[in-house]
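Engineer: Structure in structure tokens, see below.
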Amino acid sequence: MKQLYCGHVNASYINQTVKINGWVKRVRKMGNLVFVDIKDRYGLVQAFATSNDQIFDQLNALSREDVISLVGVVLARKQVNSSIPTGEVEILATSLIIHSKSKTPPLIIENKTDANEEVRLKYRYLDLRRDVNLQTFVLRSKVTKSIRDFLHNQNFIETETPMLAKPTPEGARDYYVPTRTKKFYALPQSPQTFKQLLMLAGFDRYFQIAKCFRDEDLRSDRQPEFSQVDMELSFVDQYQVQTLVEQLLHHIFLECANKEIKIPFDRMDYKDAIHYYGTDKPDLRYGLKINDGCAFFKDTTALFIKKALENKAVVRYLFVEDVHLTKKQIQGLEKYAKDNQAKGLGWVCVQDNKVVDGSLANIIDDHHIYLKIAQTHNKTKGTILIVADQYEIATQALGAVRVQLATLLDLKANKEDAFVWIVNWPLFEYDQDNKRYVAAHHPFTAPTIECEHDFDTNQSNAKGQSYDVVLNGYELGGGSVRIINPEIQQRMFNAINMPASEAKTKFGFLLEAFSYGVPPHAGIALGLDRLMMILINSEMIKDVVAFPKNNAGVDMMLDCPSEIDDSELKR
């Protein structure tokens, strides 16, 4: 007798006795026959018995999701089921062991389920039985193996770094861990300082698939704990890091998705990404660049545009080629513009050298402006979407509208994956609440050579040697060249108004280590969860995390975070 996985039973075993193990998916009684579908990770197979068989009543009493072992003889099916790999055969059951009975599940455990997200997360262990979820984690396992194989072949050392660490300023809130000594650890937002110390230790090529933690507002592509492919290399520049990442991603996509992506990736200046796409993570699978409209509207009679220009604001627009958007569609798009601080979204439709519709169509004296815009784009038909406001607001608002347009008009369908490096990032961001500059990434990012002489006194124009790799509108990863010069590091701390005492408290161990000889080094971290989202064509990070939190950061299955008794805190 041979023990087989359910999905491996095929015609080569006809007339042989086999044993299978799995979950009951369906029981059907048809006259003097009873049929049972049994499933495991590898597939589903049908077993049956006749009313003359001793096992008939046992099979007929089975329920959905009971766990069983079944022995029987493989027979050829009279009617082949071509929809499943095992559809040429079935098993005539001879004996049965019921390992455990199941209550009626609170959701249908099929690829198409009836359950909402709350139920699926509360009973995640049942939700994971659905084949669509199971296959996601089979693929995730394959991806992590592919990553490890590639990096080991590139002489990387896989090294784990501590989960109990010191709080560091990385932008988001830390998760704190109390100790019996009444002091606190912090769960790491990234292994940043540890991997830099490993470079100092001589681990010239380090990586790990690291767990990281950030207590921040959650979105469809964020979880409070997440996995990243963390890397650091010595004696390299940013271009060598980028080339390595391109080769790694090429390897992953070819081995795990059977796709050959084009390398090297395009490179785009951060300033251009914001200017043309309204975001630092542009989706380049479709066009729709944001355009400047100030020159067109210098003689406008539209009061809100005229007033904006008088107040030194700007006019920016999107030209949606060959499309006449409806008023209802525009209203939906305007919501996203207003969510990004725009006062509104003006619009006009042109066709055959005429203004035919729009919120600004009644201003006859401006019709020549919209026709000239269409001519500039070499089109006789299209919709012009306009925001007149401060540059940052107009650009960000139209960037959000652009993303929604892509969904509305199905512009992303059947397009090649679009990778791009975003480079020359600002070294600093201005914190409006505290009225000071802060490090845009972290205070160990090296300034560009061009900015090195005045980055600490000209913060608004300072650029860093940092880089993000963007895929289909998602930030897939980011990294930078690190500061190793003590004088530049001190100037960086001064630029963000960090006193020497604070720098010593937060980073004294690192600064001390750097006084013992540190190599030039650079690194990057790739979001494993986001990579998986793209590989399975999902927009929800919860789909690729085995036990995710909901959008409020709550684990519905464990009912946590939860309150802790005072007695526990006092221990």
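Cβ from N, Cα, C; glycine included.
Below are the features I grabbed from TrEMBL:
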BINDING   GLU170, ARG214, HIS441, ARG482  L-aspartate binding site
BINDING   ARG214, ASP215, GLU216, GLN223, GLU475, GLY527, LEU528, ASP529, ARG530  ATP binding site
DOMAIN    137-548  domain 'Aminoacyl-transfer RNA synthetases class-II family profile'
REGION    192-195  region 'Aspartate'
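Describe the structural context of these features.
Structural biologist: Around ARG482 (L-aspartate binding site), the same-chain residues at least 6 positions away in sequence with a Cβ under 8 Å from its Cβ are GLN196, PHE444, THR445, ALA446, HIS521, ALA522, GLY523. Look at ARG482 (L-aspartate binding site): DSSP puts it in a strand.
DSSP classifies ARG530 (ATP binding site) as helix under the three-state reduction.
Counting same-chain residues at least six beyond the ends of the region 'Aspartate' (192-195), those with a Cβ under 8 angstroms from any Cβ of the stretch are 161-162, 165, 168, 170, 206, 230-232, 442, 444, 507, 509-510, 523.
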Engineer: For GLU216 (ATP binding site), what is the tally of other C-beta atoms lying within 10 angstroms of its C-beta?
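Structural biologist: The answer is 13.
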Engineer: List the Cα distance (Å, whole number) between GLU475 (ATP binding site) and ARG214 (L-aspartate binding site).
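Structural biologist: Between the alpha carbons of GLU475 (ATP binding site) and ARG214 (L-aspartate binding site) there are 16 Å.
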Engineer: Among the binding-site residues GLU475, ARG530, point out the residue whose Cβ has the most other Cβ atoms within 10 Å, with all shown protein chains included in the count.
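Structural biologist: Most Cβ neighbours within 10 Å: ARG530.
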Engineer: Between HIS441 (L-aspartate binding site) and GLU216 (ATP binding site), how far is it from one CA atom to the other, in Å?
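Structural biologist: Distance (Cα to Cα, whole Å): 16 Å.
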Engineer: Applying a 10 Å Cβ distance cut-off over all chains shown, what neighbour count does ARG214 (L-aspartate binding site) have?
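Structural biologist: Its Cβ has 21 other Cβ atoms within 10 Å.
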Engineer: Quick one: largest C-alpha distance among ARG214, ASP215, GLU216, GLN223, GLU475, GLY527, LEU528, ASP529, ARG530, binding ATP per the record, in angstrom?
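Structural biologist: So the binding residues stretch over 19 Å, Cα to Cα.
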Engineer: List the Cα distance (Å, whole number) between ARG214 (L-aspartate binding site) and ARG530 (ATP binding site).
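Structural biologist: Answer for this pair: 15 Å between alpha carbons.
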Engineer: Let me check the 10 A CB neighbour count of HIS441 (L-aspartate binding site). How many other CB atoms are there?
Structural biologist: 20
